[in-house]
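Chemist: Can you keep this structure in mind? I'll have questions shortly.
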Ligand SMILES: Nc1ncnc2c1ncn2[C@@H]1O[C@H](COP(=O)(O)OP(=O)(O)OP(=O)(O)O)[C@@H](O)[C@H]1O
Ligand SMILES: [Mg+2]
């Protein structure tokens, strides 16, 4: 790199000096001669020639010295610049190799220009992202292994018991085995759903649905299990039939059933769960599920959407959930261009989940008019 830089600089120098040379030899002397004559210089011709020769050699010496100094300067500058650029570049190349080998390496900003600093920042960001993906991948695998262990161990234990004749094949055994295989099947489906949703490959079968219809059918499906547990289920419709969203009906039903299932699980008998639907601003509708149940600790609130995350109470008390329901729900809502958020005033003070969806374009008044016919 030093050589290339030096060659370019020398080239520029040579062209510059060549031009100066041409001016000094072709234009300079006649001009000088003319000035001498105009100045009324009237010495003998030999003296005139001597003066002109002196001028010519002074110009040449000046040019020669300038060339030498410029060349040395160019060499020193090239050397300096290259060493400044080469060090961070080598560092970056080394860091890239290290990251490719899976090591945790970051580079410092070289401080030789904003472009170089930007490259360093971009490199560090890329490395951070790779790290994050790697951590998530490892955690996902270990969580998955953990989730698979329980049902597989139960199945294995029962099968062994059946083989040894310790366990009898009866209705109860069949129920337990079914329950465990069911759990495995659901887990596989859930994990598949999460991956697809997070990769943005969820197949959405979109149709226009009025928001009240979504809320009503979710409440109707859940009514039976709520009354069995003795939890009051209410529907509050603050939105009209004009509030239409373009959604995959089944998927949104899955989200709402998830939220209602959670609310029911975490609300003791005698409590109340309210489903409300209404407009928020011009472009969005919100369907909320609010319960008067056990609430969520502020520290846990930030984690409830993480894969396989289950709160302490959920872990202890029932073994049904795998902690993936909210992850899927959030991914589904995000795939619709909406958002799913959680709020709670703390343990014992209930929880509130909000599904926010964009109103179908025509319904905001901003879209094109519908054509009939
Ligand atoms: N309404 C709620 N009240 C209190 N805690 C809740 C509520 N909804 C969710 N949570 C907490 O968030 C955690 C994650 O919920 P999520 O729906 O993802 O998993 P899950 O219900 O445990 O299992 P799954 O939905 O996969 O069957 C729950 O384990 C629970 O601790
Ligand atoms: Mg759930």
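Glycine is no exception: its Cβ is also placed from the backbone N, Cα and C atoms.
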Chemist: Between 26-53, 54-81, which stretch does TrEMBL give the note transmembrane segment?
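Modeler: So the range that TrEMBL calls transmembrane segment is 54-81.
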Chemist: Give me the DSSP three-state residue breakdown of the domain 'HAMP' (83-135), ordered helix, strand, coil.
Modeler: 40 helix, 0 strand, 13 coil
